[in-house]
């Protein structure tokens, strides 16, 4: 699929559902990224029993696990910059039937932290949105080491990513939990997730879609090994048995989910095999399983050995110089 394929599919999708401003595709293409991203606010199909609509985020809740399966939210950099004192106002969510509702006592003495899905630090731009993040429907049991250190670093990375974007141009983030067939529980049956995951989607100012996922085990994930946990949305779906963006047209969904298109620059020192990245003009079989790359090791198109390398440095290291005409394709001498 060429570099305009995802955008073209999106335009036809919006036209079909009345999302465009008219029949002229030029009008659709001039729509702001913030407006277009609304069309991707599609609830994951994760078997949730109840969807809870909050201020700034929505949550899918499981009666079986007595916890959140996912929370979805838009992350604006200008809102992330606003902070307020954390008040830790954890409380049961009375919108959930009492039989299936997690309680504060479930966590008391359990040895597990009350881990957020939609993070307080990302959504504390208003008193109301911050307060809503402390509903226990948005909380799952997380080990202290995972919650306070490893996963906290991931959350900070995503927040910093949002602040790199143009004002008014948000990330769409889904944070979720995945459970084993027979999960351990605390309290009155609150299940402990086996995995936590994130899906991050961004629509550039040129309306080029980028999306990636991250899957982390509470027991083995470490921030230093971040790259090993970055996957495509398809790979995540297969692992956690959740269907994301299910109401998109099949061709648009398939192309969005099949490859990693980094919406965030990788932290300094993080290395990723270039073979996981989407690369215009290359088939999957032609991607070279070259040695791991790291930001800063190459700086010019002349130093690149493949389009996949060039795409890595453009997408993950923010090396705009590789895309002199700003068409989304780096080093066109090797990527055409």
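Glycine residues also receive a Cβ, built from the backbone N, Cα and C atoms like all the rest.
The domain 'DNA/RNA non-specific endonuclease/pyrophosphatase/phosphodiesterase' annotation in TrEMBL covers 53-251.
Mean model confidence for the domain 'ENPP1-3/EXOG-like endonuclease/phosphodiesterase' (54-251) is a pLDDT of 95. The domain 'ENPP1-3/EXOG-like endonuclease/phosphodiesterase' annotation in TrEMBL covers 54-251.
Residues within less than 8 Å, Cβ to Cβ, of residue 116 (active site, proton acceptor) and separated from it by at least 6 positions along the same chain comprise 133, 138, 139. The active site, proton acceptor annotation in TrEMBL covers 116.
What TrEMBL records for 147 is Mg(2+) binding site. In the shown protein chains, 20 other C-beta atoms lie within 10 A of the C-beta of residue 147 (Mg(2+) binding site).
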Task: Assigned conformation of residue 147 (Mg(2+) binding site) - DSSP reduced to three states - done: helix
